[in-house]
């Protein structure tokens, strides 16, 4: 059976339990929101195929358990991941503080050139906010990572987050193929236009 996609990207959602990783995954993969999700036990994944620059990209998105006792299960899934979303809950200060621990986990277990993005989730709950946008942005700048505030409930910036991460992976792949071509390795490879990587920040805006 012929492949129905040009690229397969493996993405990971990591972060503390209860920050809304599963809700983000379901909003993006099925455009659905459910407040009754129980904490993910172990690992689950969803697939959605998107189009970027005329190429079909199959996104295999893994939802990892945030509880400490599942950390050993999760570490095996870092291998092969091309993009990782670090998710915290803007109404939960501790989940934000733990992002640094999750980044340390990535540095220990993931590929050195994995694309990363920090997401401050539940930005629809502004009245219960404990972490300001500015603090989220500053943390992202400190680590050289892109940042978005999202809401799975209101669908704010969910599409933008996944598309931005996929585009950054695509840009990196194109750059690698260009480098490979220019060094004479392998046969001809068709390259789509590569965009220079920029660190940009998006704000949560509710209409």
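Any Cβ shown, glycine's included, is placed from N, Cα and C.
Using a 10 Å Cβ-Cβ cutoff, residue 19 (GTP binding site) registers 27 neighbours. As annotated by Swiss-Prot, GTP binding site applies to 17-23, 35, 39-40, 66, 121-122, 124, 152-153.
For residue 22 (Mg(2+) binding site), the number of other Cβ atoms no farther than 10 Å from its own Cβ, over all displayed protein chains, is 21. For 22, 40, 63, the entry in Swiss-Prot reads Mg(2+) binding site, with the evidence type similarity to another entry.
What Swiss-Prot records for 204 is S-geranylgeranyl cysteine, and it gives similarity to another entry as the kind of evidence.
Sequence annotations record features per position, and here Swiss-Prot assigns phosphothreonine to 72 based on similarity to another entry.
The secondary structure of residue 180 (phosphoserine), as reduced to three states from DSSP, is helical. Of all Cβ atoms in the shown protein chains, 13 besides its own fall within 10 Å of the Cβ of residue 180 (phosphoserine). Residues or ranges marked as phosphoserine in Swiss-Prot (evidence: similarity to another entry): 180 (among others).
Annotated phosphoserine per Swiss-Prot: 183 (among others), in sequence order, evidence recorded as similarity to another entry.
The feature cysteine methyl ester is assigned by Swiss-Prot to 204.
Annotation source Swiss-Prot lists motif 'Switch 1' at 31-45, citing similarity to another entry.
Among the features that Swiss-Prot reports, motif 'Switch 2' is placed at 63-80.
Checking each of the recorded positions 122, 152, 180 against residue 22 (Mg(2+) binding site) by C-alpha distance, the shortest gap belongs to 152.
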